Amino acid sequence: MTAPKPVVLCILDGWGLRAEREANAVALADTPTFDRLMATCPNATLVTHGPDVGLPRGQMGNSEVGHTNIGAGRVVAMDLGAIDLAIEEGSFPQNPALRDFIAKVKANGGTAHLMGVVSDGGVHGHIQHLISAVEVLAGEGIPVVIHAITDGRDVAPTSAGEFVGQLVRVLPEVARVGTVIGRYWAMDRDKRWDRVKRASDAMLHATGEHAPDAEAAVAAALARGETDEFIAPTVVGDYAGARDGDGFFCLNFRADRAREILAGLGQPGFDSYDTGTRPDWSAFLGMVDYSKEHDRFMTAAYPKPVIRNTLGEWVASHGLRQFRIAETEKYPHVTFFLNGGREAPETGEDRYMANSPKVATYDLQPEMSAPDVSDHLVEAIGAGYDLIVVNYANPDMVGHTGDLKAAMAAVEEVDRGLGRAVEAVTTAGGAMIVTADHGNCETMVDPETGGPHTAHTTNPVPVILVNGPAGARLHAGRLADLAPTLLQLMQLPQPEEMTGRSLIDA
């Protein structure tokens, strides 16, 4: 029996399953294709959180974690757990890169600038990592300025006051908050440089809104109608900007939303916007490595481990062709993260990125660029590729807005694209796995507060086999089982590094 061609992995980003219909965009939306597949095709569920994806118990998954595990075909220990462990066991203060940072800042008589997410969301950063770093640096007698990035997306939309209060209560005498900035400005990943400039101008030059203290900055933003994600860059007290000899330490452990702001703050030759005169930093440190380009001007406390024989690498090594497609918001996930943290395409790997719409928030255009993704996906299905990986961003990105009606519209647009993909795969004689990397839009109201729910969930996600082998059934599993499943459909052996198990029971 010949292998189906192409084999398609269709990732419905943020499409989780929840029995209750209330505030459940997936259940309330009109999804004839998804409903038909669930009724007629082999299906099961996958776990996308906690130890099953290399995270601490109870920690929700996210797109970086999800796509890394999917591409690796094994559970990959993620940075959050590794950093938590280093802090818990006491090795963090002795981290060699951190010791080097301390030595350089001390030698120059500088101040340490720490930028980090002030929440316990654990997707891009964690308040406890920030507090621990402050303690270490202050313990060395180094003055510390914190650039507090408020969240409101991976935690409740108006929880920043609580987190900022938690932070300032434990600050040693030599540490202070210099700026308070919503992640909308400081953590863009779509080249919206006007936003990034406002964030970096506040950190570098102390320009923006002003408040007497950090808690007042949050309160003033709320009074202006800004929830935590959107807090306008605010300078706190008499903070006057960064100076020559200072050091900069980024506490974010996820790359995609740290790259732009770090480039603006420290990349030599940066010209995407006018940064003004930047300081001559004595040291520039990241919690992790963010890209090859960033490695040229900064060091990493916890470099990423090398993941060998990912799905893409293994398929390429067998001389087969593959195609990756997503819109801008999720393009790094189906390329960089799926390939184990490598930017360059594999041999025989083609890519297409649809430009995400330039709107302030995606509830304003819930279809996003899904029609363009669908057009190019259908074209690719008929183009002779062996493996295609596609990500539909809408359920996650619109889910993050907390707008139920918009999330339903997003789900319906993706279902239309899914219908086109199923038809094209069937015509081509291919097979498809439909799944998600984590949940989100199936829970649009916070059950505890009754307000909008904007974060990911720990709900199971679907996995559906379309046009699989006759009599095949699926069993429940985790994201690391997807690559072995795809390889089985492609009739390729599984590399020994992949410890996941195929979900197909023939």
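Each Cβ is built from the backbone N, Cα and C atoms, and glycine gets one as well.
Some features that Swiss-Prot has for this protein:
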ACT_SITE  Ser63  active site, phosphoserine intermediate
BINDING   Asp13, Ser63, Asp437, His438  Mn(2+) 2 binding site
BINDING   His124, Arg153, Asp154, Arg183, Arg189, Arg254, Ala255, Asp256, Arg257, Lys330  substrate binding site
BINDING   Asp396, His400, His456  Mn(2+) 1 binding site
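Here the features listed in Swiss-Prot are placed on the structure.
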residue	record	Cβ neighbours (10 Å)
Asp13	Mn(2+) 2 binding site	27
His124	substrate binding site	25
Asp154	substrate binding site	21
Arg189	substrate binding site	19
Ala255	substrate binding site	23
Asp396	Mn(2+) 1 binding site	29
His400	Mn(2+) 1 binding site	25
Asp437	Mn(2+) 2 binding site	33
His438	Mn(2+) 2 binding site	26
His456	Mn(2+) 1 binding site	30
### Task
List, in sequence order, the residues of the same chain other than Asp396, His400, His456 whose Cβ lies within 8 Å of the centroid of the Cβ atoms of the recorded Mn(2+) 1 site.
Asp13, Gly14, Asn62, Ser63, Arg153, Pro395, Met397, Gly399, His438, Asn440, Cys441, Thr454, Ala455
#### Entry: Asp437 (Mn(2+) 2 binding site) - helix vs strand vs coil (DSSP)
coil
### Query
Which of the binding-site residues Asp13, Asp154, Arg257 has its Cα nearest to the Cα of Asp396 (Mn(2+) 1 binding site)?
Asp13
### Message
What is the set of residues, excluding Asp13, Ser63, Asp437, His438, whose C-beta falls within 8 angstroms of the centroid of the C-beta atoms at the Mn(2+) 2 site?
### Response
Ile11, Gly14, Thr48, Gly61, Asn62, Gly66, His67, Lys330, His333, Asn391, Asp396, Ala436, Asn440, His456
### Message
Spatial neighbours of the residue listed as 'active site, phosphoserine intermediate' among the binding-site residues Asp13, Arg189, His400, His438, defined as Cα within 10 A: which are they?
### Response
Asp13, His438
### Message
Nearest by CA distance to His438 (Mn(2+) 2 binding site): which of the binding-site residues is it, out of Asp154, Ala255, Arg257, His400, His456?
### Response
His456
### Query
Out of Ser63, Arg257, which of the recorded positions has the smallest number of neighbouring Cβ atoms within 10 Å?
Arg257
### Query
How many whole Å apart are the CA atoms of Ala255 (substrate binding site) and Asp437 (Mn(2+) 2 binding site)?
17
### Task
Specify the nearest of the binding-site residues Asp13, His124, Asp154, Arg189, Asp437 to His400 (Mn(2+) 1 binding site), where nearness means the distance between Cα atoms.
Asp154
### Query
Between the binding-site residues Asp13, Asp437, His456, which lies closest to His124 (substrate binding site), Cα to Cα?
His456
### Message
Return only the integer: C-alpha distance in Å from His456 (Mn(2+) 1 binding site) to Arg257 (substrate binding site).
### Response
16
